[in-house]
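Feature annotations, reproduced from TrEMBL:
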TRANSMEM  B:24-42  transmembrane segment
TRANSMEM  B:49-68  transmembrane segment
TRANSMEM  B:109-131  transmembrane segment
TRANSMEM  B:143-161  transmembrane segment
TRANSMEM  B:199-222  transmembrane segment
TRANSMEM  B:243-270  transmembrane segment
TRANSMEM  B:290-312  transmembrane segment
TRANSMEM  B:319-344  transmembrane segment
TRANSMEM  B:386-407  transmembrane segment
Amino acid sequence: MPLNVMSASDMGIGEAGLTAIFGYVVVFVGLLLLMVVLYIMGAVFKSKAKKAEALKAAEQAAAPAEAPAAEPEKPLAPGSAGHVKRFDVPDKEAAMIMAIVADQLKKPLNELHFVSIKEVKEDEV
Amino acid sequence: MNMLETLQNLLNDSGFVSFFADGGWKNLVMIAVSCLLLYLGIKKQFEPLLLVGIAFGCLLVNVSNFFVDGASSSNALYHPELWSAFLEEGGEYYHSYGHIMANGGLLDILYIGVKSGLYPSLIFLGIGAMTDFGPLLSSPKNLLLGAAAQMGVFLAFFGAVCLGFDGNQAASIGIIGGADGPTAIFLTSKLAPELLGPIAIAAYSYMALIPMIQPPLMKLLTTEKERKVKMEMTRQVSKTEKIIFPIVVALVVILLLPSTAPLIGCLMLGNLWRECGVTERLSDTVQNALMNIVTVFLGISVGATTVASSFLTLNTLKIVVLGLLAFCFSTVGGLLGGKVMYIVSGGKVNPLIGSAGVSAVPMAARVSQKVGQKANPSNFLLMHAMGPNVAGVIGSAIAAGFLLAVFK
């Protein structure tokens, strides 16, 4: 329904004053209504964000109670019997070292059990 | 071919002769006014994007339009009498765009976009795409400052009625206090198109003068202690909230005041394009290309309405004065709202952000920042002032919607 409450030409000062006050009130009511809606919207999103944060915090709190993850298995040196741990030693070099040791000991490589191969740095000596 | 007769015809047809005809001096005055506006736009950079176009439109229309026996000259770019016929209820050409298209000049055709409300709505589309409503969403109470700062609209409306303007004209004059050019043009073109020229020029001139108009009022109405208040950071707003916001505003405001649909609808559609993240191309287009194109048409066609015979009247002077008062009272309203919030919040809100509620994005917010930083150099009010600033855009659109609903 249109709001044609008065014609433009016959407006008196009293009517103009009332229209001005009414108009100002309408602007306030409109924006107040919008404000309420935005606060409700904000509250919903804030509670969602809090829930997500609480869940994250709970997950983080639960994490230290678990056993520390096992150290990943070091790759086996090619050709050796059993497991051999390598520390900063590439495959090729490990294979060469094991071959040299076997040759020096005059034993077949598959009868030797290498536990680990580690490069000894100069500053560690 | 009679050379003398041809020369005589050329002379009679020239604008120079028309300056000496009855009322021709008014065109000379308007040409001087247009040169002044060009100076203000180019040299002083007062809203140059629009003012240069308006000023040149004013120049063109007053160079080409001389009234002979109540009708525009044959070469006129703009014909006020065609638009009078367009508005004459029961007349042969009432609301006949066809008549305008067939008989109008270039500026008449461009003016159709103003008359139909197309240009202001498209400008709002661009403004929506350029505006970040995040500061408002993080602190919705700022909407009340946007409402408080519409005080000038209604006081100027009342003042205009007291000065003898009719309701439609008074409503159009009052909306200058909204400090929102497209809204002022939209409302005036609907309610009082005969006043479009002076109202648009007053609105844009005062918007450009905000850095001069507001600071004295801000200092007058706030204490040093209030100006020094440092505001706390507001909460971070999520992307989803920003996407939902334009939809919610469109629903609430348009349902409340359906007459705001063209302005609020376009403002919120532009904002949705900006925030939804899947329409970057459209957002970019309305922010830049479309905005620029519409500004070209809007400026020149608003300038076209400044025809000497209708512009150089006492009413124009009244509009200029009432427009200034509207701006001042809107600033005062916003500041008083800010002071109330300062008291209610226990001194946590700096009342200077209230003056930004007069719309005029982002200039009014910058003024709040500048005045606040002057009082306390470590004060950063800009983001806080952007909340009331964008609330002012919605507030002035609601005020315009109300006036349109009452007087149309």
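A Cβ is built for glycine as well, from the same backbone N, Cα and C atoms used for every other residue.
Between the transmembrane segment (B:243-270) and the transmembrane segment (B:143-161), the number of CB pairs under 8 angstroms, six or more residues apart, is fewer than three, so the stretches are not in contact. Counting Cβ pairs closer than 8 Å and at least 6 residues apart in sequence, the transmembrane segment (B:199-222) and the transmembrane segment (B:109-131) reach fewer than three and form no contact. Using the rule of three or more Cβ pairs under 8 Å, pairs at least 6 apart in sequence, the transmembrane segment (B:319-344) is in contact with the transmembrane segment (B:143-161). Distant neighbours of the transmembrane segment (B:143-161): 136, 167, 169-171, 173-178, 318, 322-323, 325-334, 336-338, 340-341, 353-359, 387-396, 398-399, 403; these residues of the same chain sit at least 6 beyond its ends, with a Cβ under 8 Å from one of its Cβ atoms.
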